[in-house]
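Sequence annotations record features per position, and here Swiss-Prot assigns repeat 'PPR 5' to 166-196. According to Swiss-Prot, the feature repeat 'PPR 9' maps to 299-333. Per Swiss-Prot, the feature repeat 'PPR 15' maps to 502-536. Per Swiss-Prot, region 'Type E motif' is recorded for 537-612. Residues or ranges marked as region 'Type E(+) motif' in Swiss-Prot: 613-643.
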């Protein structure tokens, strides 16, 4: 009613050609902006200029809102600069515009200049809850979390200004802390809030889910159910379904689904995708597919959820069949496909799918690159790794820790250790993941001295190792054979690092002792293990025994391996070769006959070359290729040339065939 009166006053003033107060003009500009009448607003602003009306904060805020909605920030800033004495109204109008357009650094700059200005001493010019919420939104949306000092400054301002009791500010603080992986600070803010709403609960539950704290996510959901003031909504259960799917907790997820139905939560597309993703990840693929088939509306996330589920359970053909049905393929679906193929060791298809993705016009992101790089590593494609590295630098993806560590792994495993070190040196995020990657790189090359040096540097800089880091360090000693140093680190795991040795660490120690020629010590070490040895432990002993030619210990290890992994052809091959080297031909033949009875065949050697049409693989003794006759003729010619020039002995050539 009041707004209508103000508009009437402003219009009357226009008819009388008289200057009216700024408040009336402000309401009129707000009305025209809301109804998308930009020409009317421009005419009003022109009239304001003609009559030399100095816009107050209310009128200025409406003009700023109009111009920023039109993406005319220069005019908005001009209006802002004309304000004689600014207050929260005008500052907030510009802050809201900056954050809504994701102009986060402009928002930071404006806020810092505001709290440092002379007008800040006035109560009317102090930031309010809207101002703080805008800055927190900007902090949450910005990937450069080195802005931590500004975040601490804002948090301090919140406490000093008494804004910590404001629910919107509290929610903003939770969102910021969860997005920069500081879940402990987020929980502290949540616990200290005197008033909470559904958004508070959802922000905390989502934070736990996204940070991988799945049990805490489920506990927070149960606490929300126990709170009579709030009920979970669609946003809540999406986060919980994601946590249940990632932790393969089918039972808890079923309870969530049941509660969702009881509370009549509306099933929109996002929630349907979350439900399908949960069932697919937990292995209930038939039910997930039934829900998928019933959906009238699907998007790329829907397809990606089913494809990821198929891939996670090794159903590659089913995933590819569904993928081929899609008419429009989004980036998330491409990523699900490429990631799934990589996890199932279909590395040739990964590289070819990536090429097809580029051909179709999809632009790869960090998820794509971190899935592609392991396949390039497997295919010994260092050139491809360098090309992806260059692409990552050009597109700013080299700041992503998973892309960075995949590049380090690619370079290290393909012999470019200097390149791996350079990538690490340029890494802005020296997190534990990055340290572990470079330590592993030196471990692969058997450089235990460099691995240990990096391990010490990491600790001096305040980064504590985890179980994966310690596995990398121990594996370095396995390559170098320094059993004393390995034993020292292994013995200090619990006392110094508070990490209980796992089966991977025991396997590394067996490998260290075996490669150092201490097979008896390795046998004794296994006998004293507090956990049952897995195939990896016996495999380490077998490899050590095969190197030293200890037939009895090798046979002892193989007997266990035949029980644990009867279809692993590598174990049979090693044992048969050991018997052959010892001249025990009958036993070697018995092992080979056992393979035949089970239906096992030695996995043939494979090599690759990259052509313009993609990656081409070649299998040893394969004659199925239509040009195999031509290829073998070329090989025979090369062999004859090598033999004539005495590059290799004739006997070695015969054995090669």
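The backbone N, Cα and C atoms fix where each Cβ goes, and this holds for glycine too.
For the repeat 'PPR 9' (299-333), same-chain residues at least 6 beyond its ends with a Cβ under 8 Å from one of its own Cβ atoms are 269-270, 272-273, 276-277, 279-281, 283, 285, 288-289, 292, 339-341, 343-344, 346, 360, 362-365, 368. The DSSP breakdown of the repeat 'PPR 5' (166-196), given as helix, strand and coil counts, is 23 helix, 0 strand, 8 coil. Look at the region 'Type E motif' (537-612): DSSP puts its residues at 53 helix, 6 strand, 17 coil. Helix, strand and coil counts from DSSP across the repeat 'PPR 15' (502-536) read 24 helix, 0 strand, 11 coil. Note on the repeat 'PPR 5' (166-196): its mean pLDDT in the predicted model is 89. In the repeat 'PPR 9' (299-333), helix, strand and coil residues by DSSP number 26 helix, 0 strand, 9 coil.
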